[in-house]
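Enquirer: From TrEMBL, here are the annotated features:
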- B:95, B:96, B:97, B:124, B:138, B:142, B:301, B:305, B:306: L-histidine binding site (BINDING)
- B:1-381: domain 'Aminoacyl-transfer RNA synthetases class-II family profile' (DOMAIN)
């Protein structure tokens, strides 16, 4: 062997899901998928690799850090292969929404409305931080081609159904609409710097009204400081009056918001108010309990492409976690491919990594090292076949059953394996039992064992498991 | 808008799964997952991005074409960012086996045996061809840390169970062991060129015995032609006698193989024969019908890392498709990380893209545009809420139910949507019905409709669906 030893290291900003985490992820994904399908959403799958122009829209202001790829053959030196830039254009996607817009534009025969869900890896080149990865998994569901506010409400209804399906007892879906925010930005004369204005407003949870006030007041530090909003005291007072509506009940929020908007007679804000009113009415009619949702005028969501309602889901038991499930309306996302098409879109995305942390921290999914329900041991080589047949019978009855395949064939090692893996039941088929048509069934947690008729095995195991 | 229009094109060698394909993929994945879990396998997930050295083992002979990545910020020129080679080392994985070896080496506390399944995208830089993609999905299941031949048999048993779970009526799992092949290579003096020898043998289906003979006889075209085997007539005759055992029954194959190996008294081949004998016995004891498996001495499988039994699954109804489910034993794959560790491994991989083609061509999964069972129409804005409540009731009863959200609110457009999407049932809640506590239920295929009591809706729909 002339090869040097390689360190089994992973790439910075990526992470491995070992079984305990992967089992949670799998259960989580399956439940979200079931909810999506119950609402009539269909799956699609698109590649991780997309063209650079598709991802960036050739926008000169695009400022995300992306993973571009190049094909390198064999063991060639990794740094000097510009000549092999065979697919210089291909780049790892940073979300699932832009690829969706590509799909909508590339396949005009897709139905409208098009309701799809998709899960997959997305990649961002930003510096990794605690809980922020360069490669992570998203689960998105979106409705394309519906301008109806019922579509926005359906997304909130799905968010609610998902949180319930995951067994989360305390959560609040907070929503707002960019139209009210756009209106406020117009009222306080920030329309040209709306992005910065929204960014500040959105930090209400983190920095409070005082922090927001300070940020909005901030004067430019030099001539190039385009982000300073430098709001006047009168303007600040208006923003504060809007934000003071946070935490009121729905009826009161809508009433007071209506009064504020009347005063300013801003038409954009007025349209937004109507949206919030209709959404609230539909949510009430759908009997989604008020404790699980709230209008929150500070919710802006960072992504540039939102155009109407925006939503997020926070867990009062984990206030610092941020939103685990968020989204909004993004009309016009296909415009980069089909100028003027203005196709409507609204959807949400589950932050799977964050949700896994939440479910584990709140102990909502019991931690599991295994999905195996029964381990069948192999007593000796002669009984290997009989044990394998027994295991297969249990499987066919829907019981997850493992046969012991370790190289240490001592019965003690087999039992230790079951104990370490927290497999609840062990079946031992020894020569004596085999002869008498019996099997030993060990209940690992109860530290009990009994002799069961070979022919009754399936029935007995099924009853002890249920 | 100064931005130019972007074409909604995908990267060469990648493909989109639109709903009809994605639904097949989803069902396929779910069934394979269920089989894996029934055998006590746990999921893991690893990143698409791995270190170059991890993937290639720093092997100077490594000759695959891989996608290397570099992080590029914003809209900077794509070709001049060598300086930004922030993670020059990160490369897209080409399979799920090498990452598994990394996991085994990096986390010594994982149980042994470790039985894991994993599904995910893999990436290869080779020129795309019909049915061969640069980015595609694999589903792997492997047993790590078991030298027992029962582990090899369990993998074959799982392959059989998966094919049955997918409803494939005709398939053959062909298996062999590298040890018999290594033995034959020694007997015909090809040990140093075993890789080329296996590559030729493995083409039996494609080029027949005549083609193999020609390839084995081939003389070097020049002094650098290291791949020419130039077998003598006597050596060819030996290979032909081995390959003549293809297509015989298991007992006859084993008997004649035994006789051939006795003659040559090659110890490696002898060990291989014992493996094939034990595997056949266990498969017979497990009552896996003989029609679904066969020893085939031409099966070699291309990958270098196989060390023992190798398996593949072919569909007699689609002889040109190649194997849809294949694998083998690959002891020692962790050696690049832990020299001398020689950890045992055996597993198989479902070629999802190929399997989707097979299931669709053989019409084994009914094509579906949607998973929706009922469309609830919205008769007019006043009845929107009542319709949404009705839809929610159906969902809560486990019926996949869509509410119509299209912008064309004419009832005719709603019915057309259901027809185009092949949604089997439509419910119409008009003002008259609403007043009388009734709902109209349309059976789209039967072109029938009936009035159903609002309170009986769930029961009636459940019974017509079953």
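Cβ coordinates are placed from backbone N, Cα and C, and glycine is handled just like the others.
Remember, TrEMBL labels are computer predictions, not curated facts.
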Enquirer: Once the DSSP letters are reduced so that anything not helix or strand counts as coil, what is residue B:138 (L-histidine binding site)?
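Expert: Once the DSSP labels are grouped into three classes, residue B:138 (L-histidine binding site) ends up as strand.
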Enquirer: Over all shown protein chains, what is the count of other CB atoms within 10 A of the CB belonging to residue B:301 (L-histidine binding site)?
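Expert: Within a 10 Å radius of the Cβ of residue B:301 (L-histidine binding site) lie 21 other Cβ atoms.
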Enquirer: Would you measure the largest Cα separation among B:95, B:96, B:97, B:124, B:138, B:142, B:301, B:305, B:306 for the L-histidine site and round it to whole Å?
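Expert: Roughly 21 Å, rounded to the nearest whole number.
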Enquirer: Please list, in sequence order, the residues in the chain of residue B:95 (L-histidine binding site) that are at least six apart in sequence and whose C-beta is under 8 Å away from its C-beta.
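Expert: In sequence order, the residues whose Cβ lies under 8 Å from that of residue B:95 (L-histidine binding site) (at least 6 apart) are B:122, B:138, B:140, B:349.
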Enquirer: Express the predicted model's confidence over the domain 'Aminoacyl-transfer RNA synthetases class-II family profile' (B:1-381) as a mean pLDDT, rounded to an integer.
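Expert: Mean pLDDT across the domain 'Aminoacyl-transfer RNA synthetases class-II family profile' (B:1-381) comes out at 91.
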Enquirer: Please list residues from the chain of residue B:306 (L-histidine binding site) whose Cβ is under 8 angstroms from its Cβ, counting only those at least six apart in sequence.
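Expert: Listed in sequence order: B:178, B:328, B:329, B:330.
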